[in-house]
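Trainee: For reference, TrEMBL lists these features for the protein:
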- 2-42: domain 'ABC transporter' (DOMAIN)
- 71-124: domain 'ABC transporter family G' (DOMAIN)
- 165-373: domain 'ABC-2 type transporter transmembrane' (DOMAIN)
- 188-208: transmembrane segment (TRANSMEM)
- 220-240: transmembrane segment (TRANSMEM)
- 261-286: transmembrane segment (TRANSMEM)
- 298-320: transmembrane segment (TRANSMEM)
- 332-355: transmembrane segment (TRANSMEM)
- 414-431: transmembrane segment (TRANSMEM)
Amino acid sequence: MKLKNIAHTRISKLSGGERRLLSLATSLLSSPQILICDEPTTGLDSYNALLVVESLKKLAIRGKVVICSVHQPSMDVLKEFNSIILMADGKLLFHGSHEECKDMFESVNLYCPKNYNPAEFYIREVSRLSPELVESIKASHQSVSCVETEHPARTRMYRRNWFKQVQLLLWRSSLSFGRDLKGQLFQLFVNVMASSLIIGTCYVGISGTSQRGVQDVRGMLWLMTSEVCFAIAYTALYAFEQDLPLFKREVGTYSCSAYYVARLLGFVPRCVIWPLVLVFLITLAVQLPNHALTAVEFFVTLSIAAVASSAYGLGMAALFTSTGIMGDVMPVADLPLFLMSGAFLRLSSLPMWLYPIRFLSHFYYAMDAVSNIYWRQIEHIDCPTNSTSSCIYDGASVLAEAGYSNKFMLQDPTGMIMVTAFWSILAYYGLKREEKRGYAY
């Protein structure tokens, strides 16, 4: 399509003709068996118009069905078509080859002058014909001739291997990220930095070594976890919503699994940067045992939780592609998942029939991990001598009261990986459903 010289130009900066060429080239990527083009040469100069028609003719030679409506084609463009259709008053007037069309007009004493564009001649004469003459022309051309051609069996479908598809999709995502760098930085500031500063200001100087500080630390750990999980999940939800029309248009160009994996991997930088900024700012304000090591462990845990949250958001977006349904379903799905985190009720008091929900909650695994990281380092909690309520004497008691696991080092990372896999399977199902529905323009 002669578009290499503008390969790095944004689509908004292309001319009308270049956009038409790009649109046609995009449609050809999926190698459709039937291609219907509505005025593909309109807005193009004679060279590019001929280039487009020649490309379409090559497809027809390979056995594809190509149907075009063409507005005032030049002589060179018209010659490329092996079969033409003339319409009059919304009805079929003629269908056949160039020679048959010429003979039909000459049969009613209409001769095309030499060196005159036949297309313009046909259009002009058809617009002038009386209804009676049109009926006589139609009657003189009752049969439609069929042209039988043999197409060699050398044509074969070719698709890039799966890893190359993922690589190219990631490359495209990186271009979009670079072009919207200001928007990404704004998201980072609003979603992470502002929230981190507010949380850090509210919890400045807290410590888990006093009875009053136990609840403060619990709240700080929950807010730190929920900010990462919610922000990443909803960012993935709405980002996927914007990409879905493009995916529908490119059905068949790449596999659903390659698209989803590339989309999930595209969120990995965000899953690292956002927890890094949030943990750094919050932990500057609070007192932590083994401060640097604990902060690093928080960061690693929340980064894994962010990946699981990305899969959750992408899965919900793929299952419920309508914007209205997404907005209604997502908060309802969030409610049982974050209730299972242990921040609002004792997990040990849950009914048995609610236990399976806990193992699908990325909030639970993230809270279990950060709580164990912090409280297992608290060996003693002060108890006032004049206290009238029962005291918690160490971090292990805090964990036992909340109902968190003793095997968090293996259980929580494994659980978050399983949650990621679960939502990824659902997202793949949703994408396959959209793929079966076919193209969407």
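Glycine is treated like the rest: Cβ placed from N, Cα and C.
Please treat TrEMBL annotations as automatic predictions, because they have not gone through curation.
Give me the local environment of each listed feature.
Mentor: Looking only at the domain 'ABC transporter' (2-42), the predicted model's pLDDT averages out at 82.
Below 8 angstroms of C-beta separation, residues 218, 221-222, 225-226, 229-230, 316, 361-364, 366-368, 371, 401-404 of the same chain, each at least six residues beyond the ends of the transmembrane segment (332-355), sit close to that stretch.
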Trainee: Counting each residue once, how many in the domain 'ABC transporter' (2-42) are helix, strand and coil under DSSP?
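Mentor: Residue counts for the domain 'ABC transporter' (2-42) by secondary structure: 19 helix, 5 strand, 17 coil.
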Trainee: Quick check for me: are there 3+ Cβ pairs below 8 Å between the transmembrane segment (298-320) and the transmembrane segment (220-240), leaving out pairs under 6 residues apart?
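Mentor: Stretch pair touches.
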Trainee: With a Cβ cut-off under 8 Å, give me the same-chain residues at least six positions beyond the ends of the transmembrane segment (261-286) that come close to it.
Mentor: 165-166, 169-170, 173-174, 177, 188, 191-193, 195-197, 199-201, 203-207, 217, 220, 224, 227-228, 231-232, 235-236, 240, 243, 294-295, 298-299, 302-303, 305-307, 309-311, 314, 424
Trainee: Taking helix as H, G and I and strand as E and B in DSSP, count the residues of the domain 'ABC transporter family G' (71-124) in helix, strand and coil.
Mentor: 21 helix, 11 strand, 22 coil
